[in-house]
Each structure stands twice: as structure tokens, then as C-alpha cells.
Amino acid sequence: MEIIFGRNKKEHLEPVRARVTGKIPAWLQGTLLRNGPGMHTVGETRYNHWFDGLALLHSFTIRDGEVYYRSKYLRSDTYTANIEANRIVVSEFGTMAYPDPCKNIFSKAFSYLSHTIPDFTDNCLINIMRCGEDFYATTETNYIRKINPQTLETLEKVDYRKYVAVNLATSHPHYDAAGNVLNVGTSIVDKGKTKYVIFKIPATVPGGRKEGRSPLKDAEVFCSIAARSLLSPSYYHSFGVTENYVVFLEQPFKLDILKMATAYIRGVSWASCLAFHGEDKTHIHIIDRRTRKPVLTKYHTDPMVVFHHVNAYEEDGCLLFDVIAYEDGSLYQLFYLANLNKDFKENSRLTSVPTLKRFVLPLHVDKNAEVGSNLINLSSTTARALKEKDGQVYCQPELLYEGLELPRINYAHNGKPYRYVFAAGVQWSPIPTKIIKYDILTKSSLKWGEEHCWPAEPLFVPTPGAKDEDDGIILSAIVSTDPQKSPFLLVLDARTFTELARASVDVEMHLDIHGLFIPDAGWDLGKQAPSREAPARAAAGQAAPRT
Ligand SMILES: CC1=C(/C=C/C(C)=C/C=C/C(C)=C/C=O)C(C)(C)CCC1
Ligand SMILES: [Fe+2]
């Protein structure tokens with residue numbers, strides 16, 4: 001396990017040609033670009049948590065049946081400062097770092113004070129976001145880093161705070177058909193208020209985007225929701241959208257702002273400022289995208305922790321949304337490297353199984369409905385919504401499937417009725433051992449798995465001109481715990497889940513987190529969410545415009 005989690009991975013700046021077995025469909029041309037932590041020690045110092053590792057971008061360029069692999073560390077300010085100092089000098093999720101070893105009492109006091117309002121890391125290791133023609137590496141702080149998706153070079157550092165007042169923002173934005181980005185962030189104690197801010201970044205602007213102008217300059221606040229508590233806003237990792245609504249969960253997994261403000265002085269990490277409050281409810285906020293206002297009905301459900309929303313849509317006056325839910329916040333605990341590297345089987349046992357749950361909310365609550373009555377009358381689900389005496393609605397989900405994470409869908413169905421969830425299958429540990437296709441209609445599943453293989457998040461790419469939701473392929477980077485077996489890019493037929501091809505690369509590959517597929521130009525872009533209008537000029541072979 002040490003090899004997979006603990007050992008620093010090398011960069012491969014020049015494309016490495018993979019050994020392809022099987023046949024990659026001729027139409028599949030483009031680049032799978034992914035992100036994840038690749039370096040966990042700097043000099044003599046070591047990060048505590050897997051999410052702390054320095055971002056390593058990697059890509060698989062698929063052209064005419066061949067695959068080329070590259071990887072490069074994100075040259076974040078964090079990376080540069082650490083490498084220059086030859087030790088960890090920037091704090092991450094699970095590691096608090098002390099930049100200047102304080103020499104005397106005065107500089108010590110100054111150093112502490114200057115950290116009261118922390119400047120977060122730009123080690124953007126979680127995902128890749130597309131804004132029009134631009135691509136960014138993302139994490140959950142106020143920083144994102146523009147990258148060149150072809151060369152994996154790091155470009156400018158963008159501070160969300162210059163454009164919208166957020167201190168944190170998710171790594172899971174949504175895209176509409178035109179490529180406009182919708183995201184949620186938290187504005188902490190700004191002018192005496194803590195808010196969840198939904199913001200929009202337009203893919204294009206009237207008259208066209210001027211060369212070098214950041215799309216962020218045209219970002220706007222779509223709606224904001226006051227946090228229930230000024231000093232303990234909820235932590236969230238994603239959100240949901242339907243055609244007319246945004247779904248935001250204010251869950252009882254909270255950040256303690258006072259603890260954060262004193263973390264540096266106390267020598268503890270940001271992670272220690274997060275806590276699950278099993279005594280609280282989960283509040284479900286629904287925002288009407290037409291009025292940009294929250295709907296008035298108050299919906300809630302039992303305490304739970306959700307990292308990934310799967311999809312959401314409207315049907316017969318109801319809003320359905322699917323999430324991977326946990327009973328508590330223990331998941332992030334399992335990713336401490338001390339747990340992952342030694343006694344792996346013992347230390348990384350899931351105490352709460354990630355479960356696909358469907359929630360159904362009535363969009364209009366009948367005033368005359370009796371207290372205690374179920375307001376949902378959809379034959380397709382057993383999910384219920386019970387009217388309470390104060391007019392609030394208590395939502396009871398339908399349990400769909402246990403043991404899956406890192407969900408993806410055919411994004412052309414995002415916000416719309418859909419049938420298939422593609423995900424990583426997890427059993428006793430949070431490390432995936434299978435790839436799963438779950439059919440919500442028939443409640444059946446297909447699986448892919450191989451001995452010693454750990455699959456990454458499976459990504460769906462539709463066949464050009466596809467009509468069926470599962471007409472396409474699944475791409476997943478697979479790393480192996482068997483040192484004799486090279487990592488590979490797996491290509492599955494998304495309909496049957498049979499292997500079409502694999503492209504093995506003789507490198508030590510890191511376990512990544514999230515990413516996206518950038519089709520080469522000239523595709524049927526109408527089928528290629530997120531962007532239907534902007535041609536994928538940044539795909540391999542045609543470099544993104546550099547600024
Ligand atoms: C640095 C930092 C944070 C980092 C969070 C990270 C890095 C979360 C990663 C989550 C992942 C990878 C989830 C996968 O499902 C917080 C807590 C937002 C708060 C302030 C500073
Ligand atoms: Fe995620």
C-alpha cells in the first residue's frame with residue numbers, strides 16, 4: 001500500500017506510448033485529463049492525509065487507436081514554495097505547516113496573527129473545470145489554477161474572491177448546454193454574515209471573449225442562502241441541478257470557524273475543524289433558477305453526509321435527486337496516510353457504507369393535505385415526503401444501492417430524467433475494487449473488476465450521434481497493487497460492460513480523484529456536454545490559447 005499511497009510519483013513530461021490490446025473505437029479521439037495527489041513527502045517532511053498531496057495532473061490522449069500518457073505536477077505557489085524550502089511550508093486539509101521557523105517571541109506572535117484569517121492553499125488536486133475555452137485545476141479553497149490541457153503546464157492563479165465573495169468553492173461545478181458554469185461557494189463572516197453563494201461563470205460573453213480575458217471577470221452571483229449559523233457553516237463537496245432548480249444540502253457536517261481561526265496557533269489541521277453533528281437535521285434547499293430565489297417550503301431529512309450528488313430532475317410536480325449518502329462524517333478519517341499505509345485492512349474499514357439514495361420533494365405542497373400524509377405519488381419510487389404540522393416537509397429517501405462512490409452519468413442527462421449511474425464499487429474500504437453500472441429502472445447492475453486492480457472514477461463518453469443513454473464507452477484509469485502489472489486505461493462498452501480495449505503504460509501511476517474528457521475538435525458537439533457551442537479547441541493537437 002505504501003507504494004500506492006505514500007511514494008512520490010515521477011512526472012512524465014514527454015508522451016509515453018501505451019501498449020494497446022483490444023480495439024479502441026475509431027470515433028474515440030481526445031484527451032482524458034485527470035487530477036489527484038502525487039507527492040506526499042517533501043524533503044524530510046510528510047503530509048498526514050491523502051488529500052494533502054501535491055496535485056499531479058495526468059492525461060491519456062487517444063488518437064487513431066493509440067494512447068499517449070503524460071503527467072506533470074501542478075506548479076502551484078504551494079508546490080514552488082515547498083520545493084524551494086525542501087519541506088512542507090503550506091498548510092493543507094490534514095497538515096498544518098509553519099512557514100518560518102520562528103526565531104524570537106516577536107516574530108512568533110506576528111506569524112501567528114497573520115494566520116488568523118488563513119490564506120488557503122492553491123494546491124488544486126481534486127478536479128478539472130472547464131470555463132469556455134479555458135481549463136482549471138480545482139480544489140475547495142478560493143484558488144483555482146489555469147492549466148494548458150495539452151502540455152499540462154500551469155498558467156495563472158485565479159482567486160475567486162476577486163470576482164465573487166467566496167472563501168471556499170466546490171470542485172464539482174455544473175455546466176449547462178452552452179458551457180456556462182454554475183458553482184456554489186461559502187462566504188465566511190463577510191460583513192457579519194455567512195452565506196452559501198451560488199455563482200455563474202459564463203462560457204462566452206456578448207461580442208466574444210477578448211484574448212486573455214478571464215471568464216471569471218464575468219462571473220455573477222446567482223443567489224445566496226444565509227447559513228443557519230454564522231460560525232458553523234456546513235461543509236459540502238457538490239450540489240445538484242434540474243432544469244429549473246438547484247439542490248443544495250445544508251448538512252450536519254460543519255466547519256467550525258472559530259476553530260479554524262485558532263488552528264494555526266493550536267497546531268492542528270483544517271480537518272480537525274470539521275465535525276459531524278448527529279443531533280442535527282439535514283436541510284434541503286431548493287432554489288428556483290427562474291426567479292433566482294429559494295422556494296419557500298422548508299424540506300428536511302435525517303442527519304447524513306453527502307459528498308457526491310449523482311443527478312436530479314423534475315417529474316410530475318416533484319423534484320427527484322440522487323446522492324451517495326453516509327451516516328456520518330467518518331469517510332475523510334480513513335484517508336489519513338497512517339491508516340492507509342500500515343494495517344490497511346484493519347484501519348480503512350468503512351463504518352458507514354456509501355449508499356445511493358433517492359429523495360423526492362413535492363414542488364407544491366397542498367395546503368389541505370393532512371399532517372403526516374405522504375405528498376409523493378410517483379409509482380417509480382418508494383421515497384416519501386411527509387407533511388409536518390408547521391408546514392415543513394420531512395423527506396424519507398428510497399435506498400437504491402449500497403457500496404458505490406465517485407458517481408458519473410451521461411452528462412447529456414444532467415438535470416433530466418436518466419436511468420444509469422456509473423460508479424466505483426467499494427466494499428469494506430473506501431478504495432474502489434470494481435466499476436459498476438447501476439440501472440435505476442430495473443434495479444440491476446453490471447460490474448467490471450480484476451484481481452489487484454483499483455479503478456479510478458469511471459467516465460462516460462457518448463458515441464457520436466448516440467440516441468440511447470448508455471450508447472458510449474467508459475474510461476477508467478486502473479492502478480494495480482501487483483508490482484508485476486502495469487497500470488492501464490480501461491475502455492469498456494458502456495452498454496454491456498465488456499472490455500473493448502486497455503492501454504497499459506509502464507509508469508508508476510498515482511491514484512487520481514476526478515477529471516474530464518476533452519474530445520478532439522470536429523466531433524458532433526451537440527452530444528458532447530458540457531459544451532455544445534464552444535468547439536473543443538483545447539483538445540490534444542491544438543493547444544489552448546495561451547494567455
Ligand atoms: C485545504 C482546505 C480544505 C480542503 C479540502 C479538501 C482538499 C477536500 C477534498 C475532498 C475530496 C478529495 C473528496 C472526495 O470525494 C477545506 C476543508 C475546504 C477547508 C479549508 C482548507
Ligand atoms: Fe468529488
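The backbone N, Cα and C atoms fix where each Cβ goes, and this holds for glycine too.
Among HIS300, HIS308, HIS413, the residue that TrEMBL places alongside HIS172, HIS237, HIS514 at the Fe cation binding site is HIS308. Check TrEMBL against the ranges 48-67, 208-227, 328-347, 528-547 and you find region 'Disordered' recorded for 528-547. In this structure, the binding-site residues under consideration are HIS172, HIS237, HIS308, HIS514, and the one with the smallest number of other Cβ atoms within 10 Å of its Cβ is HIS237.
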